[in-house]
Amino acid sequence: MTSPDTQTSSLYAKREPVFPKRVSGKFRSLKWWIMGVTLGIYYIAPWLRWDRGPNLPDQAILVDLANRRFFFFMIEIWPHEFYFVAGLLIMAGLGLFLFTSAAGRVWCGYACPQTVWTDLFILVERWVEGDRNARIRLLRQRWDLEKTRKYLTKWTLWLLIGLATGGAWVFYFTDAPTLLVDLLTGNAHPVAYITMATLTATTFAFGGFAREQICIYACPWPRIQAAMMDEETITVAYREWRGEPRGKLKKGEPLSPDQGDCIDCMACVNVCPMGIDIRDGQQLACITCALCIDACDEVMDKIGKPRGLIGYLALTDERAEREGRSPRSAWRHVFRLRTLIYTALWSGVGLALIVALFLRSPIDINVTPLRNPLYVTLSDGSIRNTYDVRLRNKQGEARDYQISVTSEADLALSLEGHPATVVTVPANETMTQRVYIIAGKGTPAAEAERTDLRLWVEDLAAGQRVHHDTIFNGRGN
């Protein structure tokens, strides 16, 4: 039993809404620029056209699930070439490690979709309701016509943004103009409507209401980044040695000689989209967006103090400044052993993908020997092996391919259903052709257990040849 005087505490901290104040400065301008570029690419890219010739889609970027292909301008990726996608994912991971090791959570602060869309939603919120103080007053006031009108306007605009976000996503998976007409006329596949509705709801919820909660609780990266950062990593930090002891600045009175440069104006806290105080040190919630730097620099200008009370610096630099030593240059923090290793790995994977892309053949073959039975003895005593040759024509037109065999032994080749050794494969199609290889009675290949051979496939129009090595099974006497 618990006594009436027993106090219980909850492990759950109720969320306090965060209303970032408008701020201007070089980092805010950089965030606006990155937001415009990333959103522009996301919304416009599905509408870009790229002429690939007949029998191929003309959408520049297309994930064609129906035909199991991915198009990116002049590049076409087939299902068996998924290693290109795997390579790109590896490069993305290494790039994230590189940027985090060099400059902290710059991805989170500038280019993460959660950050970009939250910035856009806050921009709409500020345009409808006003700046920070006005939004706080509106939240606290009782529901009336003005509050209802502003909230409905804001939510409607958020829903439209979410709808555009979901719509843009589905446009990447089929021809965008055609799908748009189908969506408007109700003829689109139910999956398209379900996907749009899901993304609209999640964008509306994450960008409008969850915001910083996604970064703190749902995203694993704040916890992973601890292993990527060290004392040489450049990140947003407060120069405590310069700002403390902090104190209020009264109008018309100079700062006390014993007082630090921080006047406890809370400007850095008021502009933070995460609602944290950077003066408390490094925190899991900090996304390194640097808006607190812009806000603090503006205050320092007003009170006649040098900028940089809050800035990008490494912990070793802060320690050096505290001890009166000169900090290292930013480039020496960026280009150090760890970042150079990440750069080398990233470049190596990228170079390997480029080489593989340029060396890949427009003809793809796969040869499967039939194992049951391993060979067949014909009426004249010769030995026949059977193979399934899978041909993939990656061209935009039908091609004739000639199949031949080379070996140290004397072998003959024939095709099932074709009097000649030439087969036609339609454009952008895959076809399986049964091939017979025969060794005459008493020949070395017929009597040996195994004989190496090479199957050749030649594109008669382009003169290109590819081969596949396999074996011929004999009696083994």
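Note that Cβ sites are derived from N, Cα and C of the backbone, with glycine treated the same way.
Placement of Asp51 and Leu120 with respect to the membrane, taken from Swiss-Prot, is on opposing sides. Site annotation (Swiss-Prot): [4Fe-4S] cluster 1 is bound by Cys262, Cys265, Cys268, and the candidate from Cys219, Cys289, Cys296 recorded at this site is Cys296.
Considering other CB atoms within 10 Å as the measure, the emptiest surroundings among the binding-site residues Cys262, Cys265, Cys268, Cys296 are those of Cys265. Through the fold, the topological domain 'Periplasmic' (176-189) approaches residues 46-47, 59, 167, 170, 196 of its own chain, all at least 6 residues removed from its boundaries and within a Cβ separation under 8 Å. When the topological domain 'Periplasmic' (176-189) is classified with DSSP, helix, strand and coil residues number 10 helix, 0 strand, 4 coil.
If you take every residue in the topological domain 'Periplasmic' (360-477) and average the pLDDT, you get 88. The residues of the topological domain 'Periplasmic' (360-477), classed with DSSP into helix (H, G, I), strand (E, B) and coil, number 4 helix, 68 strand, 46 coil. Counting same-chain residues at least six beyond the ends of the topological domain 'Periplasmic' (51-81), those with a Cβ under 8 angstroms from any Cβ of the stretch are 45, 172-176, 357, 360, 364, 392, 394, 396-397, 427-428.
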